[in-house]
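Notes follow the structure.
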Amino acid sequence: MCSQLWFLTDRRIREDYPQVQILRALRQRCSEQDVRFRAVLMDQIAVTIVGGHLGLQLNQKALTTFPDVVLVRVPTPSVQSDSDITVLRHLEKLGCRLVNRPQSILNCINKFWTFQELAGHGVPMPDTFSYGGHEDFSKMIDEAEPLGYPVVVKSTRGHRGKAVFLARDKHHLSDICHLIRHDVPYLFQKYVKESHGKDIRVVVVGGQVIGSMLRCSTDGRMQSNCSLGGVGVKCPLTEQGKQLAIQVSNILGMDFCGIDLLIMDDGSFVVCEANANVGFLAFDQACNLDVGGIIADYTMSLLPNRQTGKMAVLPGLSSPREKNEPDGCASAQGVAESVYTINSGSTSSESEPELGEIRDSSASTMGAPPSMLPEPGYNINNRIASELKLK
């Protein structure tokens, strides 16, 4: 019987760059490898239990067979456990292999839940406080006093650097309390001064680091997100950094994810966040990779009678220019060429038609395996100071 693969996403984000790239890559690979492919929107699905048996309806039609693998891309900050996760759990109960799994997505939709999962595993992370009630922010102003000032304040459901504040003192915290929405809790986190305005985004697929990008703020703010106007440049990662990112991915049960690492003065790292629905427009550009294609290759490897998940070779991309460059940090000129400023809400320049059944696709995707990332010894903070002038 022919294998079946679904790409499941949300109507609100279906035309964003990551979804368009993954969709094209999956369509091409499924067409070439005789795999039945279907692109599905979350609101097209109805889950059923009839006669004590689980069932599934798609566009009001009952299905008699179900996909072997489902690649999931849902807007993580707005994922609802009573709706979206219900559908994902149902698919999993039907025997579908989800990428990422429902529990893995839940581990990342709330920033404090992420730290709860990582706690007890020796993962370096900032001291963090949070609370249960929606109206308890003001109470936490005193409770979080041991964290000192300035203190980082984040919405547990924030994304893309939004709803993040650096409070100078208790009075500033009180002002923030009156300005924010209280529909979700906030967390209070110890400020990592040495990583102000910079971090490293690491993308992990199938338990392997496929690339890393240094992100830097250009306006002095604490957040370095490219969606807020920050810049990103390809950055070699030490073995310690790679192993930390892989450890976090494994603890959270992720098939693919983005891990954000804060940079300490001694060259070590502290985990800032994990992203189950990682965006990769800036990452693709800065690192000259095809993350959508890499995720598609990994997903295909999970189909029956294929590799069982672990990719033997990282299926990333590297240009001829990259292959001819020496190992180590890029020159100042190379850094300038690799830095991109990404505006919030950027999408692909080509709009994708309504998601539906697979059709022949003329879109081509690249697939040459890259060399492993170099691991030279270097001081990343000095690099930032001398080349990006941001320290």
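A Cβ is built for glycine as well, from the same backbone N, Cα and C atoms used for every other residue.
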Among ARG101, ARG215, indicate the single residue that Swiss-Prot lists for the ATP site containing LYS154, GLN189, LYS190, TYR191, VAL192, LYS193, GLU194, SER195, HIS196, GLY197, LYS198, ASP199.
ARG215
When neighbour density is defined as the number of other C-beta atoms within 10 angstroms of a residue's C-beta, which of the binding-site residues HIS196, ARG215 has the lowest density?
HIS196
Cβ-Cβ neighbours of GLU273 (Mg(2+) 1 binding site) (radius 10 Å):
20
At the Cα level, what's the spacing in Å between LYS190 (ATP binding site) and GLU273 (Mg(2+) 1 binding site), rounded?
14
Diameter of the ATP binding set by C-alpha atoms, the set being LYS154, GLN189, LYS190, TYR191, VAL192, LYS193, GLU194, SER195, HIS196, GLY197, LYS198, ASP199, ARG215, in angstrom:
20
Measuring Cα to Cα, tell me the gap between ASP260 (Mg(2+) 1 binding site) and ASN275 (Mn(2+) 2 binding site) in whole angstrom.
8
For GLU194, ASP260, listed as binding-site residues, tell me which one has the smallest number of other Cβ atoms within 10 Å.
GLU194
